[in-house]
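Here's what TrEMBL has on this protein:
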type	residues	note
COMPBIAS	438-450	compositional bias 'Low complexity'
DOMAIN	26-426	domain 'Major facilitator superfamily (MFS) profile'
REGION	436-471	region 'Disordered'
TRANSMEM	27-49	transmembrane segment
TRANSMEM	61-82	transmembrane segment
TRANSMEM	94-111	transmembrane segment
TRANSMEM	117-137	transmembrane segment
TRANSMEM	149-173	transmembrane segment
TRANSMEM	179-199	transmembrane segment
TRANSMEM	236-261	transmembrane segment
TRANSMEM	267-291	transmembrane segment
TRANSMEM	303-320	transmembrane segment
TRANSMEM	326-348	transmembrane segment
TRANSMEM	369-388	transmembrane segment
TRANSMEM	403-421	transmembrane segment
Amino acid sequence: MNREKTATEANDNMLVRASQGRGRAKVTHAVVVIFLEFFAWGLLTTPMLTVLRETFPQHTFLMNGLVHGVKGFLSFLSAPLIGALSDIWGRKSFLLMTVFFTCAPIPFMRISPWWYFALISVSGIFAVTFSVIFAYVADITEEHERSTAYGLVSATFAASLVTSPAIGAYLSAQYGDSLVVLLATVIAVLDIAFVFFVVPESLPDKMRLTSWGFPISWEQADPFASLRRVGKDSTVLLICVTVFLSYLPEAGQYSSFFLYLKQVIEFSPAAIAAFIAMVGILSIVAQTLFLSVLMRTIGNKNTVLLGLGFQLFQLAWYGFGSEPWMMWAAGTVAAMSSITFPAVSALVSHCAAPDQQGVAQGMITGIRGLCNGLGPALYGFIFFLFNVELNDVPHKAMIPGPPFLFGACAVFFALIVAFFIPDDHRMVDAKTCSTRKSSSASTAHAQSASPLATPTSDAEDIEPLLQDSSM
């Protein structure tokens, strides 16, 4: 009897310690992971331009777009699976995996440029750190705190780029690219070690499996199944179309803009680093101060609409601008447009159940991954069509940036679509689909017990992902 009592107390103490360990999981952990990862990549801004030009002297924009396009498409394929598995097995192991494979190509920039670009492409399978990070943040924050926390994480991404490109450019000019690559590699290893030794698990034990298995359906992990389900619910469709149309030009811009500033607008490496720092600082202010104020005053949906408006103006200015001062002015607008993604993530998180945060963020990250594949390739192809190449003679044209005008048109349609997004919807637990498939009797019971359950038939076993919470 005493032994049983002692064992019970020991188990209770273990649960208390585990609970306390989870309590130590903070947004700060997510912030540090994101900062170190993108600080390492920010250092490589100047060496990346050099390696691109030396490796692909012909059609540099096009090849740059194809490399990042393959990476983005692989991220699109893997994001739903990683998000769904992190809902079951926990965030930490998948966070470690995504950070490791995202940073793995860095040392190969000097070892072998061809291997470097090949690994960048393949690393897209696991390069979905933001998906896991946002699910991690959702685990440890209340719903009313989530938009601010997402803004802080997104602002950290901008903060990591405030100084790292300038530091990388200075070290590259003084000591060569090899030192910069070495420093970036050390920081990447530090990030991996931080996740392994410091970052605690955020997902409660009762929501995780204690043994390894494969307790999810392929439908949850299939990105194309997610796209097929999108059309079954109007709210999912509107959110995903908005994300696709707004992030497609952003992904293309992110992959080629530094090359564009250097070749077309004739920015020096120091000017590029200063430009990135300015936009980064303003983005931090926008995503911390302005985002929280806007979310409280005008609401989630209107914040998304405002961010899209800033993005539309910024892309149009990039497209027609031909002078350096125009790029600097448009950069200030670009910083304000950075509020869009954290606002969308908060909207999706509001729709998702606590045990479906990984699936929800994985869906959005999957759409962004598809954009990361299509955007760079599309921008590279448009640059190629308009004969914008990296040569010794700077390119001059009536419309200096045709891809940015295309992006402005896409964001205009995103603005129209986002206007029709309802304000109050809830996501149905995707795992109920496999439950209903296992037994028709349990299906009937689930439908009678839950107001979120939807009737099914043998002909069509697909439920809407989102459903009006007032129903």
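Positions of Cβ are set from backbone N, Cα and C atoms, glycine also.
Note: the stretches the transmembrane segment (117-137) and the transmembrane segment (27-49) are in contact (3+ CB pairs below 8 A, sequence gap of 6 or more). Only residues 6 or more beyond the boundaries of the transmembrane segment (403-421), in the same chain, are considered here, and those with a CB under 8 A from a CB of the stretch are 235, 238-239, 241-242, 244-246, 248-250, 252-253, 256, 301, 304-305, 308-309, 311-312, 315-316, 318-320, 347, 378-379, 382-383. Counting Cβ pairs closer than 8 Å to the transmembrane segment (94-111), the top stretch among 27-49, 149-173, 236-261, 267-291 is 27-49. Same-chain residues lying 6+ beyond the ends of the transmembrane segment (303-320) with a Cβ under 8 Å from its Cβ atoms: 242, 246, 249-250, 253, 291, 294-295, 326-327, 329-331, 333-334, 336-341, 343-344, 347, 399-405, 407-408, 411-412, 414-415, 418-419, 421. In this chain, the transmembrane segment (149-173) lies out of contact with the transmembrane segment (369-388); the count of Cβ pairs under 8 Å, excluding pairs fewer than 6 apart in sequence, is fewer than 3.
Only residues 6 or more beyond the boundaries of the transmembrane segment (236-261), in the same chain, are considered here, and those with a CB under 8 A from a CB of the stretch are 45, 48-49, 52, 60-61, 64-65, 68, 72, 227, 229-230, 267, 271-272, 275-276, 304, 308, 311, 315, 318, 327, 340-341, 344, 347-348, 363-364, 367-368, 370-372, 374-376, 378-380, 383, 388, 390, 401, 403-404, 406-408, 410-411, 413-414, 417-418, 420-421, 464-466.
At the 8 Å Cβ cutoff, the transmembrane segment (326-348) and the transmembrane segment (27-49) share fewer than 3 close pairs (sequence separation 6 or more) and do not count as touching. Beyond the ends of the transmembrane segment (149-173), by six or more residues, the same chain brings 27, 30-31, 34-47, 50, 133-134, 137, 141, 179-180, 183-184, 269-270, 272-274, 276-277, 279-281, 283-284, 286-288, 291-292, 335, 338-339, 341-342, 345-346, 349 to within a C-beta distance below 8 angstroms of the stretch.
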